[in-house]
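Participant: Before anything else, here's the structure in question.
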């Protein structure tokens, strides 16, 4: 099936119910086994990708973590932290390339290579030994660089492919997909913590998790399906970047997403540390992130349905304003109850914003064949600055109110940017 030549105008008209329906014009099914099977497959990709990376804290930290206590005792926590930082940077940055490859018709090869590399580098990680001379380099190469590239190859394509099947229900479908990473953030840390610190130990525990991910990724690849043909005439990436940079609404959305991520990464990276330094137990502090991820999982599933009634921009604006208010409450964090309420409520509303990021970029993309590239660009811009900037405001003296105010003020900046964009 070939897309009509006036796709650009149809996308612009799609938001107006009095004009032609884009899903009808392109023949998008808006449901069916193949469409929802693709959603399930993408959900599993997110579960095994970003969801697994959320378990990085199991490998680094105090008491329950292996790197600082057993495997890399000669390395500083700061040096070990580079493994996770490089990993996150590559996941988001590689999406610029993988998203564009999907637009050009290379979805299946990209997904297969990414999934195979993900399993391969997890098994390579399991071969490391405690305090070996080359072990720090091997861990950095396998978990930091290797897994970062592998997951980066699958992350954006698994979100962008939803646009091949949905228009009216796209926000709901993409919300379900990104909820996979939240479910992974709930289950993977608990599973790895028990495997690594249980009878299996580090090597067999990582291999068991790699085998589980491999099976789920195999099922995902059986379910994923493309529908729309690639561009009949390839457009250079330089032209896509140039056109995107000149699109005021799109750039406002990218800047707004980046502003939101300041608050999001502050909560995700520092909630556990904040609760620990305020006298709460290490065990409860560990599970505070599980509470956060549980709220995020529910929010990501819910907000897609909410947006069907109030619209995607209104959903983002309302959720970001409420999550910002919750962030300010971290200044008075002092008890287990306050941590649980802040974690659950912020997870719910911030998860709603995250769920709407893919749909809002797709709405602002006039050429449906550029969705992969534009989502990749937006995610790369949004996701690489939040944690280090918030850490600068926090300082080594842990001045929480400065970092909280910066994160809380930055996050709702997305609202006016969406309005004016």
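Note: Cβ is positioned from N, Cα and C throughout, glycine not excepted.
Relevant sequence annotations retrieved from TrEMBL are reproduced here:
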- 35-59: transmembrane segment (TRANSMEM)
- 79-99: transmembrane segment (TRANSMEM)
- 106-127: transmembrane segment (TRANSMEM)
- 133-159: transmembrane segment (TRANSMEM)
- 171-190: transmembrane segment (TRANSMEM)
- 210-228: transmembrane segment (TRANSMEM)
- 249-272: transmembrane segment (TRANSMEM)
- 284-301: transmembrane segment (TRANSMEM)
- 308-331: transmembrane segment (TRANSMEM)
- 337-364: transmembrane segment (TRANSMEM)
- 376-400: transmembrane segment (TRANSMEM)
Participant: Among the recorded stretches 133-159, 171-190, 210-228, 249-272, 284-301, which has the greatest number of Cβ pairs closer than 8 Å to the transmembrane segment (35-59)?
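Facilitator: By the under-8 Å Cβ criterion, the transmembrane segment (35-59) pairs most with 171-190.
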Participant: Under a criterion of three or more Cβ pairs within a distance under 8 Å and sequence separation of at least 6, are the transmembrane segment (284-301) and the transmembrane segment (337-364) in contact?
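Facilitator: The answer is yes, given that the two segments have at least 3 Cβ pairs within the 8 Å cut-off.
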Participant: Decide whether the stretches the transmembrane segment (249-272) and the transmembrane segment (133-159) have at least 3 CB pairs under 8 angstroms, with pairs required to be 6 or more apart in sequence.
Facilitator: no
Participant: When you scan the chain for residues with a C-beta under 8 Å from the transmembrane segment (133-159), skipping those not six or more beyond its ends, what do you find?
Facilitator: 41-42, 45-46, 49-50, 52-53, 59, 67, 71-72, 74-75, 79, 82-84, 86-95, 98-99, 101-102, 107, 110-111, 113-115, 117-118, 120-122, 124-125, 127, 174, 177-178, 224, 358, 372, 375-376, 379
Participant: What stretch of 106-127, 171-190, 210-228, 337-364 shows the most Cβ pairs under 8 Å to the transmembrane segment (308-331)?
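Facilitator: It is 337-364 that shares the most Cβ pairs under 8 Å with the transmembrane segment (308-331).
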Participant: Mind pulling out the one from 106-127, 210-228, 337-364 with the most Cβ pairs under 8 angstroms to the transmembrane segment (171-190)?
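Facilitator: Stretch with maximum Cβ contacts: 337-364.
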Participant: Counting only residues 6+ away from its ends, which parts of the chain sit with a Cβ under 8 Å from the transmembrane segment (337-364)?
Facilitator: 11, 14-15, 159-160, 162-163, 170-171, 174-175, 177-179, 182, 247, 249-250, 253, 257, 260, 263-264, 267, 271, 275, 280, 284-285, 288-289, 291-304, 306-307, 312-313, 315-316, 319-320, 322-323, 326-327, 329-330, 371, 374-375, 378-379, 382, 414, 418, 421
